[in-house]
Amino acid sequence: MTSSALSLPDGFLFGAATASYQIEGAVTEDGRGPSIWDTFSAVPGNTANGDTGEVACDHYHRVPEDVALMRDLGLDAYRFSVAWPRILPQGVGTPNQPGIDFYDRLVDELLAAGIRPVATLYHWDLPQALEDRGGWRTREVAGWFADYAAVVVGALGDRVRNWTTLNEPWCSSMLSHTLGAHAPGHRDPLEGLLTAHHLMLAHGTAVPVIREHCPEAEVSVTLNPSQVHGPQDPTEADLDAVRRADNVLNGVFFGPIFHGAYPEGFLDDVAHLTDGSFVHDGDLDTISAPLDNLGVNNYFPTRVRATADGEEPEGDTHLLPGCERVSALEPHPPLTAMGWEQSPESHRMILERSARECGLPVYVTENGSAWDDTVAEDGQVHDPERVAYLRAHLAAVADAVDAGADVRGYFAWSLLDNFEWAYGYDKRFGIVHVDYATQVRTVKDSGREYARIIAEHHGR
Ligand code: PNW
């Protein structure tokens, strides 16, 4: 049964997404403790222009205005994240009531506007106090995370049913601990593996805690799988490079979370780094706790080949565990302002793959593109490239549904231009433009187009 020009299922959920550190600002207000992103972005060279999330979109002080914007766009749902250091400034211990009150007001405002709140517990702002105690490198973090989940779900679980444990554990492990691009900025292949495992352990430990505090909960995790392509006429070595890249990007999470095991051969491929003793008895049972749906964030595919004998590897894929002989291939143009390939076809493929791996309903919890947007003479923001990207990727979602993938919703990344991590405020992903000097919000052409698509789908 379809009802829209896009042939998406009835009841398909249209939303937009943000993350706490990227939009809230107010980093020292109402008892919030520092996070690893406050620390990381304060170090010159770690972010573009030395940008930090200190003010960001000042969303902390603009909830009514921003929710009104969502209502005007006709959004069905809003995906936001809760800042752990607002709830527990030291990461553990006594909850900080003013921090809880902020999300309490946000949720009430959303519900009053008829918008479904979809909450993520961890979108990268680990309390610095926990980083100082080993952060994601220590197994202890699983208990800290579950205790934090209990506080948040205990406070909001009477009104919020959609709970996501982690946003993109690949970024919190490999990108942060092996590639050094995100906080805490470590460059260690083994740390990527350990933190990935501990993130999953934290996820699995929190799942029953969420259910206990919210029996109606729909519990999920958001991954960022990427379709891996090899060269045109691959050699055996190229195919092995594709397999290894796919394992370290996708299988390392799909395996433990949905199949209760690391991908076949993966622990052998990383045997030069670890004997695998970081996997304790029972861990994989904990990690594979049943979920209700899967969130998929996908922006671009990955292209790799085998590095030839005696050749210097291309790109930084070779830094990832098990990928020492893997080289990156050039992305296919046209690229976005991030330098990311646009491939709706790969988006369809990874959605179908994700649906098969998890056997659950899937939500696209993030998808979007960055462009060099400016406010035009007419006071509008004309972003034809983002309009085209949005249309093409929604069409790809519809194709995935036609092919049998149970995709139930799509969240545009992002509601607002915001603090794009290491890229600071240089990269704009919003369907709404933010003038950071004045905090004026202007709906871009893509925001209008999204509103039109949503209205059309709902027959409004
Ligand atoms: C996601 N990569 O991050 C995040 O969930 C958002 O917070 C972020 O703003 C958005 O995508 C756009 O970047 C990613 O390098 C960051 O592979 C980097 C990568 C993937 C996702």
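All residue numbers here begin at 1 and follow the chain in the order shown.
Just so you know, glycine gets a Cβ as well, placed from its N, Cα and C.
Not measured: the values here are computed from a predicted model.
Annotation note: E168 (active site, proton donor) sits in a coil segment as assigned by DSSP. Cβ neighbours within 10 Å of E168 (active site, proton donor), excluding its own Cβ and spanning all shown chains: 25. According to TrEMBL, the feature active site, proton donor maps to E168.
As annotated by TrEMBL, active site, nucleophile applies to E366. Under the three-state DSSP scheme, E366 (active site, nucleophile) falls in the strand class.
DSSP gives H123 (substrate binding site) a coil state; it is part of no helix or strand. Residues annotated as substrate binding site in TrEMBL: Q22, H123, N167, Y299, W413, E420, W421.
Cα spacing between Q22 (substrate binding site) and E168 (active site, proton donor): 15 Å, rounded to the nearest whole number. Residues A19, E168, E366, S414, N418, F429 surround the recorded substrate site, their Cβ atoms falling within 8 Å of the Cβ centroid of Q22, H123, N167, Y299, W413, E420, W421, which are themselves excluded. Cα-Cα distance from N167 (substrate binding site) to E366 (active site, nucleophile): 10 Å (rounded to the nearest whole number).
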